[in-house]
Every structure is written in C-alpha cells, then in structure tokens.
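Asks: Let me begin by handing over the structure; questions about it come next.
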Amino acid sequence: MKLNDIKRLYKIVRVFLSYGIDEILPHNKYTRSIRCWRMLFFWLKNKHKNKAFGLCLRLALQELGPVWIKLGQMLSTRRDLFPAEIADELALLQDNVEAFSGKIARQQIEQALGSSLENWFTDFDENALASASIAQVHTAKLKLGEEQEKEVVIKVLRPNIQPQIEADLSWMYKLAGLLPKLFREGYRLRAVEVIQEYEKTLRDELDLRVEMANAIKLRENFLDSPMLYIPKMYEAFCHKNVIVMERIYGIPVSDVETLQRNGTDMKLLAERGVQVFFTQVFRDSFFHADMHPGNIFVNPHYPENPQYIGIDCGIVGKLNESDKRYLAESFVAFFNRDYRRVAQMHVDAGWTPQDTNIDDFEQAFREVCEPIFAKPLSEISFAQVLLNLFNVAREFNMQVQPQLVLLQKTLLYIEGLGRQLYPQLDLWDTAKPFLQNWLNEQIGMKVTFKKLKAKLPYLQEHLPDFPETLMDALKQQKFISQQLVEINKKLAKQQRWQKKMFVLIVGIVIFSVTLWQFAALPLAISAGLFLVGFLVWLIGFLLP
C-alpha cells in the first residue's frame, strides 16, 4: 500500500467518523473492528449527533470530493435501495467544483489537437463557462474557413483525475465488500453490484469520445424534430480528453418564470418531455439517461411550439426488444390492475428466477400497488409505479438490471420536470396511447415481415448446412436416447440392489435381536422370530 493510499484511507475514516456514519451499524461481532477504529481515533468525535443520518451522509460525501459526490448522486436515484429521506438528501448533492486553470485547459487542448489553439479557434475564454467533477467547458469560436466562424464550447477533462478515481474506486469496492458482513440488510443492498454499475458509468465519462458518439446518435435520431435538439459535434476536433461542440443558447428548463414570460406553451412543453422520453425508449431503444434540469434547455425562438435542447450525453441507456416489450406490457397490465400479468412478465423477461411462485408474486404486487389506485390516474407517479414494481421484484430475487435502473432514474427526472412545468400534467393520459400503439405495432404483420427480412442474411448463410445439421442433431438425439436407456438400466439395477440389501438387513436384524434376547423370551416366540427372520432373509436372498 502506497503512502497516498494510506493518506486517502485516513481521510475517508476521518470524514465518516466525524459525521457519525459508523453509528448506524448494529453492535455485533462483525462491527467490532469498526468500533475499534472509533476507539483508535479517539480524537475524531461525532460532531453532528443531532443531525439526521441522510444529512450527515450527504455532508460526508460532499467533503470526500467529486468521485464520492457522483456516487451519492447515483445512489439518490436508487430508491429501491434507500428510504426516501436518505435518497432526498443525496439528491441535493451538487457537482460544482472549483475550475482548474484556463492555462492548463489550453495546454490540454493543444496537446490533443497537436498544434497551437489559435490555428483552429479564436476568442478562446480561459475562464471556464462551467466546471464539474470530471471536466469543465470553455467558450471559443471555431474557424470554418473563408472568414467564417462558429460559436462552440470546448469540454476538457480534468488533468490527473485518473489516479484519484482509481484510488477511490478501490476503497469503495473494499467498503462494499464489507457491508454484507456488517449488518443483515447489507446483502439486500448488493453494494458490490452498485459500485460495478457506478464504475462503468464513471469510466464512460472519462472518455469524452463516448459522449461524442452518444450525442451524434441522439442528434441523428431527432434530426429535424420539433421536440428535441442536440448540439452538433465537431468530430475532427474530438479526442479522449477534449471534445468540441456547437454552442447553444436556451432558457434553463427549471426557470419556469422566464419560460412563462417568453409565452411558452407550458402544457405542450410538459407533454413533449414525456413524448421525447418514450420516443427515445420505445422507438430508438437509446435514451439520454442524465436528463436532470442542468442538462436541459428550451429553445426561446418557438414558444408556441416549444423545443427541448439536450446537452451532456455522457450517460445513456439502451434497451433490447425483449426489455421494451416486457416493460410496456408491465405498464399497461399495471394500469389495468392485472397483477398476475405483471408478475408473469417479470419471470418471462428473465428479471426474476424461472421457479418464482407466480401466485405469491402476484399477491405481493397486489398488496403494494393496489393502494396507489386510491389516487386519480392523473396523480399517479410513473416513477413511483416502476419503483414499487422493482421493490417487490427484489424481494423475489430480481437481479440488478442496470438499463432499468437508468430508465427509472430518467423517468423520475422527466416526471418531476413535467409536473414542475405544468402541475396538471396527466402522465398516463399522455403515455398510454404511445405505449398501446407501440405494442400494437409489435404484433402486426408488417413487423413480422420486417423481422423475417432481418433474419434473411442469416438464413441464406446457414440454410445450405441445414440438412447436415439436422442429421447431426438426429444422430446426437439417438446417441442421447441410448445413453438414457443405459442410465435407466443402471438406475433400475441399483434400486433392485438397494431393495435386496434392505430386506436382507431386516432379516439379519430380526435374527440377531432374537438371538440376543433368546434367554428372556419364551421358546415358542423365539422359534417363531427365528423363522420370520430366516424367511425375510431368504426372500431378500432370492430377490433378483
């Protein structure tokens, strides 16, 4: 262990102890070592005894720095793991950190481009436009030739961030591995899986080319759409630690007052947020999974026909056809209060084990979800529905589905945003036609022919081999059948032998007990028992 690792460990321990994070753990033999840490560092007192645990956890993560802040932000969306009061506190974590020097940013850009910044850009502002834990952005103008320029923003990765991330991830894995041993509920949290999911997201953010590729795909999916605009990426200037994109001007989606002053159709804007989300999920199978208010703006030029502008495409979610179908059918079944169908969908999708008891599963869904319908449909939260479904499924050993976790997080953002813009938004009324139409399209002849067409190249390649493959399969089947016959013969022989041995042993036991008690028993009874024992033994001996 290096000196820097020891220093980092001490800081983590110091922060956790000073905020009393250890005090939530139960007193048992597994937590004895943690209590020893508390005694060893006797000078690190809990300075926040009167504060709620959620607040202390948020403040501790805030003090530990960017990597822990981002972990807390991710955990705030995992309401299937944490009580609402803790998740709400973690949602308040801010990713704003002090910007690094503009001169260092310039050096990073020039190193990536392989030439002086002035060869490609003018008006480069060394003061960062915005700064976050992983990267910061600067404004400039890109030279397009013939005295033309285009306003752009340049996103630059923080220098030397990799070693800190590696060190923090290492300690996160160690802590996650300890949790199941420290308290009973630790197994339910599946902490190691959570850190694995977080690591994947974090590593994607460390390669800005991933964000570039995501933005290009989203832009293509919504090209010329009145609902969503994604800024253009300038691929020739994009590298692992630097990307260049079109600069946009818009009204922050959270600035409701400015949107209203601009004459924005708030009802249509809220409905379009829902439509954009479901279009990404069910049409494209590819959705922006970081749609919090800081990443969404509204085009100010079309208030009567409002258009969203999305930035920061570093985190995206992907769903396969199976996930989409099961998810859509589960939603429709839920709102039809068909809980057996919901339960069956989870099993058929492979989200829960195949041996799950459907009757128990259905009843669990009914008990948790039925109270939701005490509210009008317009007030039911889609995100809460999804959360309830996941919570029940986890009790039946549902494995963590990262794509569904991202979906639930994004839906939470979209729903909250929609109701902030237009409190009367009926999410189900907006989404149901979309889901129903999509499901109807999946069972039509057009889709069937489309799927067959997609399989044609595979069929053309493998059809000539089909007779040979079929013969091999038949031979294999014959061989397997012969093997099964042999196995059955051996099993039958073994069962006969076991039966024979049992009868022989019973006969010997009767004979032995009679011999042992011969003096204590009347002669007639002893003779009778000898005869019975001999006959039982003889039957066993004569058995095949």
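The backbone N, Cα and C atoms fix where each Cβ goes, glycine too.
Grabbed the feature section from Swiss-Prot, which reads as follows:
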type: ACT_SITE; residues: ASP290; note: active site, proton acceptor
type: BINDING; residues: LEU129, ALA130, SER131, ALA132, SER133, ILE134, ALA135, GLN136, VAL137, LYS155; note: ATP binding site
type: DOMAIN; residues: 123-504; note: domain 'Protein kinase'
type: TRANSMEM; residues: 501-521; note: transmembrane segment
type: TRANSMEM; residues: 523-543; note: transmembrane segment
Asks: Can you tell me how many other Cβ atoms are located within 10 Å of the Cβ belonging to VAL137 (ATP binding site)?
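Replies: Its Cβ shell of radius 10 Å holds 22 other Cβ atoms.
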Asks: Say we define neighbours as other CB atoms within 10 Å of the CB. Which of the binding-site residues SER131, SER133 has the fewest?
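Replies: Candidates: the binding-site residues SER131, SER133. Fewest Cβ atoms within 10 Å: SER131.
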Asks: How big is the gap, in Å, between the Cα of VAL137 (ATP binding site) and that of the residue listed as 'active site, proton acceptor', rounded to a whole number?
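Replies: Between the alpha carbons of VAL137 (ATP binding site) and the residue listed as 'active site, proton acceptor' there are 18 Å.
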Asks: If one measures from the C-alpha of LEU129 (ATP binding site) to the C-alpha of the residue listed as 'active site, proton acceptor', what distance in angstrom results, rounded to a whole number?
Replies: 20
Asks: What's the number of neighbouring CB atoms sitting within 10 A of the CB on ALA135 (ATP binding site)?
Replies: 24
Asks: How far is it from SER133 (ATP binding site) to ASP290 (active site, proton acceptor), counting Cα to Cα, in Å?
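Replies: Approximately 15 Å lies between the Cα of SER133 (ATP binding site) and that of ASP290 (active site, proton acceptor).
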Asks: Cβ within 8 Å of the ATP site centroid (LEU129, ALA130, SER131, ALA132, SER133, ILE134, ALA135, GLN136, VAL137, LYS155 excluded): which residues?
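Replies: Going along the sequence, the neighbours appear as ALA99, ALA128, VAL156.
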Asks: Please report the distance from the Cα of SER131 (ATP binding site) to the Cα of the residue listed as 'active site, proton acceptor', rounded to the nearest angstrom.
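Replies: Roughly 17 Å, rounded to the nearest whole number.
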Asks: Could you measure the widest C-alpha to C-alpha distance across LEU129, ALA130, SER131, ALA132, SER133, ILE134, ALA135, GLN136, VAL137, LYS155, the residues recorded as binding ATP, and give it to a whole number of angstrom?
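Replies: Site span for ATP, by Cα atoms: 14 Å.
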Asks: Find, for the listed recorded positions LEU129, ASP290, the residue with the lowest Cβ contact count at a 10 Å cut-off, counting only other Cβ atoms.
Replies: LEU129
Asks: To the nearest whole angstrom, what is the C-alpha distance linking ASP290 (active site, proton acceptor) and ALA135 (ATP binding site)?
Replies: 16
Asks: If you run the three-state DSSP split on SER131 (ATP binding site), which class comes out?
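Replies: For SER131 (ATP binding site) - judged by DSSP and reduced to three states - the answer is strand.
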